[in-house]
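*Asks:* If you scroll down you'll find the structure; I have some questions about it.
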Amino acid sequence: MTGTWLTVWVTVACATDMTLFGYDQGVFGGVVVTQDYITQLNLTNNASLLSTITAIYDIGCFFGAIAAVMIGDPLGRKNSILLGTTIMSIGALLQCTAFGVPQMIVGRIVAGVGNGINTSTAPVWQGETSKASWRGKLVIIEMICNIGGFSISNWVTFGFSYIDGGAAWRIPLALQFIFIFILFGTVPWLPESPRWLISKGRIQEADQILAALESTSADDPQIITASKEIQYAVNYERENSPSWGELLRGKTGREGGTCTMRRLFLGMGAQAMQQLGGINVTSYYLPTVLIQSVGLTEKLARLLAACNSVSYLLFSFISIPNIERWGRRNMMIYASIGQGCCYLLITILLRFSELDGFAHQDEVASASIAFFFLYYVFFGIGWQGVPWLYPTEINSLSMRTKGAALGTATNWIFNFMVVEITPIGIDSLHWKFYIIWTVFNFSFIPIVYCLYPETSDRTLEDMDRFFRENHDPLVFRHKEAISTKRPLAYIEYEQDAVRRTSSVHAGTAMNAARNKSNATEFNEKKDGRNATLSTDGSRDEFKEDV
């Protein structure tokens, strides 16, 4: 299996991992409003403990992402995902068999650790086994699968809400094993990251995988050039990247050579902004939000949450054909504008729904539902996928695993914060709680515009070159930093490298052919002399006999 099909199967594995991630995010939103779950774990009128059980999963994910920093480089991408999947299976088993709070908390933490490892590793593996022109689309497809998992979980919990007893929440939790089995059935048979192999000195294996991904031979000039570029990047980063100790002491990018600290913070910042945009106010608690803030019944809240997940999924497909055309910066900026406007209108409408004496309280509360739905449209197009893609593109090769892991860890710690405070915030602040997310979303616009360079249509090695040559953090002042098209200078540099490689390859082949021709001619002359000597020797023997 080579070429497109090989890339497709890597994408299937990574997408399954992200579908499981989305399913885990959504399933607990339906579980926490299930009466048997509340009764079984004795959570009646205990919003604080309920939110902690829900949010503790994100702490597990945080530690899993940190663990990926330690194990990512020694184990490789594939083995890291297999380890994370094994840990998740243990956590899923503990959750669906829990009869008390302690076991449920342990199950949530264990499952979170496995998910943290996987969500740190899968985007890196995908990015390192795909073409630059495909990378954005493929990672966005993974994020759409994340939304697909979220949608599936909403419909599953809605369907099982009609069943009495523990099956209403245990079976939805147990269905995680479907995705786990798919991962165990696909990942072991797929190729390792060629960039990771080169970093371990296994260059011949990496060249074979690069060739297989392109459906060509390992001696193709483009494969040779790609391999040489990766080898150069590996060696350069080994010599110039600061250690973790230096990073903790605040060593600057200029000292490190490739702005390592700055690149780490950009990736981490993208993940932090995704969570501070307020997505998990509703992803984990949309039924709760619709029940408490809008005043809907449990069944109607569940149904609308499930319908919203389908809308979320459908609109997220818009990002696939446009991720490269619009670019990462534009998608983050315009999505922030849309999300900020939605939360602003939600805040205003819920303010009037809680205003004593206002004649249309029910009407304005119902109107706010439309803007919860619209918020998901903007988020699905922009902020859903880009923060997961960005750390794998912005960080250097030697820091890519660490950068993705730190980005994911940042996502999870902010996720925990949002999930932990949401039930308490809704109870205490009511409509004022939504002002927080309005302010955050509008603040992201100048941050992204001023500080975030474009990574669309760049190779991973292009980004290394950009940060070696540019140390100005205000990227909007540099045309090559904000263009959605690959800068001409990078294209010309790559073409020159291919021409040089082709010339060397052709010269080597010509020399080999010339040497072979000379050797053949020499052997023919040698054989001729031997034949003459043999004939002369026979004549002498004949004369002696006579």
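Note: Cβ is positioned from N, Cα and C throughout, glycine not excepted.
Not my notes, these are from TrEMBL:
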- 537-546: compositional bias 'Basic and acidic residues' (COMPBIAS)
- 10-456: domain 'Major facilitator superfamily (MFS) profile' (DOMAIN)
- 515-546: region 'Disordered' (REGION)
- 1-15: signal peptide (SIGNAL)
- 49-71: transmembrane segment (TRANSMEM)
- 138-163: transmembrane segment (TRANSMEM)
- 169-190: transmembrane segment (TRANSMEM)
- 264-285: transmembrane segment (TRANSMEM)
- 300-320: transmembrane segment (TRANSMEM)
- 332-352: transmembrane segment (TRANSMEM)
- 364-383: transmembrane segment (TRANSMEM)
- 404-426: transmembrane segment (TRANSMEM)
- 432-452: transmembrane segment (TRANSMEM)
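Map these features onto the structure and tell me what's around them.
*Replies:* Within its own chain, the transmembrane segment (49-71) is flanked in space by residues 24, 28, 32, 38, 41, 43, 80, 83-84, 87, 91, 101, 104-105, 108-121, 284, 401-402, 404-406, 408-409, 411-413, 415-416, 419-424, which lie at least six positions past its ends and keep a Cβ under 8 Å from the stretch.
Residues 270, 273, 277-278, 293-294, 358, 360-361, 364-365, 367-368, 371-372, 374-375, 377-379, 381-383, 386, 430-432, 434-435, 437-438, 441-442, 444-445, 448-449, 452 of the same chain sit 6 or more residues outside the transmembrane segment (332-352) yet have a Cβ under 8 Å from a Cβ within it.
If you look at the transmembrane segment (364-383), the same-chain residues 6 or more away from its ends with a CB under 8 A from one of its CBs are 147, 273-274, 277-279, 282, 286, 289-290, 293-295, 304, 308, 311-313, 315-316, 318-319, 331-332, 334-336, 338-339, 342-343, 345-346, 349-350, 352-353, 358.
Sequence-distant contacts of the transmembrane segment (432-452), counting only residues of its own chain at least 6 positions beyond either end whose CB sits under 8 Å from a CB of the stretch, comprise 266, 269-270, 273, 276-278, 281, 328-329, 332-333, 336-337, 339-340, 343-344, 346-347, 350, 390, 422, 425-426, 473-476.
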*Asks:* Select the range from 169-190, 264-285, 300-320, 404-426 that forms the most Cβ-Cβ pairs under 8 Å with the transmembrane segment (138-163).
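*Replies:* Answer, by Cβ pair count: 300-320.
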*Asks:* Give residue numbers and ranges for long-range contacts of the transmembrane segment (264-285): same chain, 6 or more residues beyond its ends, CB-CB under 8 A.
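*Replies:* Distant contacts of the transmembrane segment (264-285): 25-26, 28-29, 32, 54, 150, 247, 332, 336, 339, 343, 372, 375-376, 379, 383-384, 386-388, 390-391, 394-395, 399, 402-404, 406-408, 410-411, 414-415, 417-419, 422-423, 426, 434, 436-437, 440-441, 444, 447-448, 451-453.
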*Asks:* What mean pLDDT does the predicted model reach across the domain 'Major facilitator superfamily (MFS) profile' (10-456)?
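*Replies:* Average per-residue pLDDT within the domain 'Major facilitator superfamily (MFS) profile' (10-456): 86.
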